[in-house]
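Feature list, courtesy of Swiss-Prot:
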type     : residues       : note
REGION   : 407-427        : region 'Disordered'
BINDING  : Asp521, Asp527 : Mg(2+) binding site
DOMAIN   : 587-646        : domain 'KH'
REGION   : 727-892        : region 'Disordered'
COMPBIAS : 739-844        : compositional bias 'Basic and acidic residues'
COMPBIAS : 851-877        : compositional bias 'Basic and acidic residues'
Amino acid sequence: MEGPEIKAVEAVIDNGSFGKRTLRFETGRLAQQADGAVAAYLDDDSMILSTTTAGSSPKENYDFFPLTVDVEEKMYAAGKIPGSFFRREGRPSSEAILACRIIDRPLRPLFPHTLRNEVQVVETVLAVNPDDAYDVVALNAASASTMISGLPFEGPVSGVRLALIDGQWVAFPRWSERERAVFEIVVAGRVVENGDVAIAMIEAGAGKNAWHLIYDEGQTKPDEEVVAGGLEAAKPFIKVICEAQAELKKIAAKETKEFQLFPEYTEDLYNRIDEIAHADLDEALSIAEKLPRQDRIHEIKEGVKATLAGEFTDMEDAEKDKEIGNAFKELQRQIVRRRILTQDYRIDGRGLRDIRTLSAEVDIVPRVHGSALFQRGETQILGVTTLNMLKMEQQIDALSGPQSKRYMHNYEMPPYSTGETGRVGSPKRREIGHGALAEKALVPVLPSREEFPYAIRQVSEAIGSNGSTSMGSVCASTLSLLAAGVPLKAPVAGIAMGLVSGDVDGQHIYKTLTDILGAEDAFGDMDFKVAGTSEFITALQLDTKLDGIPADILASALQQAKEARTTILEVINECIDGPAEMSPYAPRIITTTVPVDKIGEVIGPKGKMINQIQEDTGAEIAIEDDGTVYISSEGGEAAEKAKEIIDQIANPHVPEAGETYNGKVVKTTSFGAFVNLTPGTDGLLHISQIRNLANGERIDAVEDVLKEGDTVEVVVQGVDDRGKISLAIPGFEDQESSAPRRDRGDRDDRRGGRGRRDDRRRSDDRDDRDYDDRPRRRRSDRDDDRDYDDRPRRRRSDRDDRDYDRDDRRSSRSDRDDRDYDDRPRRRRSDRDDRDYDRDDRRSDRRRGSRRDDRNPRYAADENYDEYRADREERSERPRRRVRRDFDPFED
């Protein structure tokens, strides 16, 4: 789509040796019905659509400006499908919420605070380069769309992210470049009348690799002077982007609309309240304790309402109450600010640089891995640390940037912390922002994964609030982490700075406050939070109610904050000067390495091996792609056992004959049991050996003695050429695992070389048997209906179920009756002759018939039969043929 309605401007960011970045603003193509719509492009590679829309009617019952900023992360922007059940975007991520705060903070002060029409700014991420962050681009797009929307907006305001890389401040750094950043800073500002840039918002922190870069590679340390230099370095980039937005406004802006403004109070009402309550408020605002001060102020306010009950009768009651409240609050604000500007006198009587009473304590919560309580005045923070396996680190489904987070900092502020009631549940935007700031302050001093292979969750409970709970969270977290045994590279402390500005004797002056109260935050012009070690800054955040603050004032505030930070660090070091012994309830994590090609063996098919190790030892195991294995358990003994098993898999020991093992039965078969000796190594315990566990008695099934999961002591009999391991019961090593087959000689043909059947000599002791020695007929001469069956022999139980006449079978078998057939190998004739038994008894036994469990004495002994049968089943499962032959007694 092309045409004169599409208008665009560009801002070129020159980073010298790091190249140029181009920021382009385009309007007229997309979202044409919004009050203001701008598509912002970074190098024509990342694209964000920003829209600004105002409500048609004001919300008269509101006593604040209703501005809403939303960031819509579209997963298609990164070529992804959402991972949720419904496969669509849901609630905003933490990254989106932090981006909303970065946009809201510099935009809000530039609107009239008496505007009551709803204003909504929506940032839709349409495309993003995985190596770029979108938040600062969205900030500039939001300002541009608001500039052309026709709203009363004192812009433009623009922002830039700078990274200190190899001594140079680089604008709009890529994620890959930020790996070598010592310090990162997001600065938003606007160009004032004298051409200078006034700072409106700062969000900054040391890089995650800052400690290594500073102390191992000698990079620049981000102290107060360096950070102040970063603020100055941001000004040229801010000015270039503001100029591009101003040009876009000239060519594409709508005419500014007229919006009704709602003054908070009338001048007459304010003067009357000042006359009635000034002296009482001046006294009440000198009470140091928060709750008694609030109670006294409430009494004064009720007295003012009673006094004015008969005055200003032309106003409706609801409107009158609202204006009285607004005017009364403004009077408090003026009293507090005037005393600071003219007398350097604060609410609780402190000087401008004084810190409230500090206290620190560790190990106050039982059983948790680490805990601490930090208190500064009436601000009270409980820090709790939890350690776990690296596999518990947070996985982030982000459009770009890091996809996981090992250190997770959660900030929570329940309503009782201020003596109020309210909703308790999911975190609000403010809580997410405070947690992210505290996390940013501590990440640079955390040990590396190799030094401390734990996932760390830190929770800051703001159980008492009267100013700067976020910086109190940094202090409490330092104490808690050290109490949990986390080897921090240095302790970190934080302090909140305030600012009051105004005209005194015709001169505009600024007063910087150290360790501000909640009331000073509400009535002041700035909330400037600074955290760091004794040597450099690790985190920085600035919010202001002014259009902008001179950079030299901020530089002075940084130096003042360092003094306070040093004092707090002394208190922390007195409480705990290093990492404590880890809690007995914390997991002990050890590491080992396995060759990459052995990872599959450690995991096993479908995770069978690793799950078995975890089940047997009680340890938890996590394996990295490079072969690093992390093993954890409470107490450490289970972890050591699991490590030993994993090492055996990675460097297996081949069992040798004579070695004894306590193995677990992993499988049973009809011929024996497979026993696990070492991880991944099994051996066969033959059924003939298993009988020794049953006192040598015959067993019908292996499961009668051993079942899967049983533990049995075995000794290695031998290992064949294929690596197959045969096992034995200790004490029976010399016993063969199967009956040996005797030498049957050269069998010549299927008859075994014993000559013709009719020529064989029969023993005289068999003359009384009903045998027929006449020549057999050829098979073709036999009757076609002969009872001949070459099917596999059925089990006896199957045959008995058949409906046939057993008498016919007996008659065809001659004197064999219904004897159970036995296919065991026959003994040699000499063995049978040596037996001392009565042949008549044998015949009578045949006539009586034999039971299933009877053993025919002319066959091998029971134990040899069992061995032969097991060996035969192991070698072959071919069906056995039974051939039935009948003889004609009348044939010559």
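Here the Cβ of each residue, glycine as well, is placed from N, Cα and C on the backbone.
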Work out, from DSSP, the number of helix, strand and coil residues along the domain 'KH' (587-646).
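Counts, helix then strand then coil: 31 helix, 18 strand, 11 coil.
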With DSSP as the yardstick, break the region 'Disordered' (407-427) down into helix, strand and coil residue counts.
4 helix, 6 strand, 11 coil
If you draw a 10 Å sphere on the Cβ of Asp527 (Mg(2+) binding site), how many other Cβ atoms land inside?
21
Going by DSSP, is Asp521 (Mg(2+) binding site) sitting in a helix, a strand, or coil?
helix
Around Asp521 (Mg(2+) binding site), how many other CB atoms lie within 10 A of its CB?
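Excluding its own Cβ, Asp521 (Mg(2+) binding site) sees 17 Cβ atoms within 10 Å.
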Please compute the mean pLDDT of the model over the domain 'KH' (587-646).
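Its mean pLDDT is 88.
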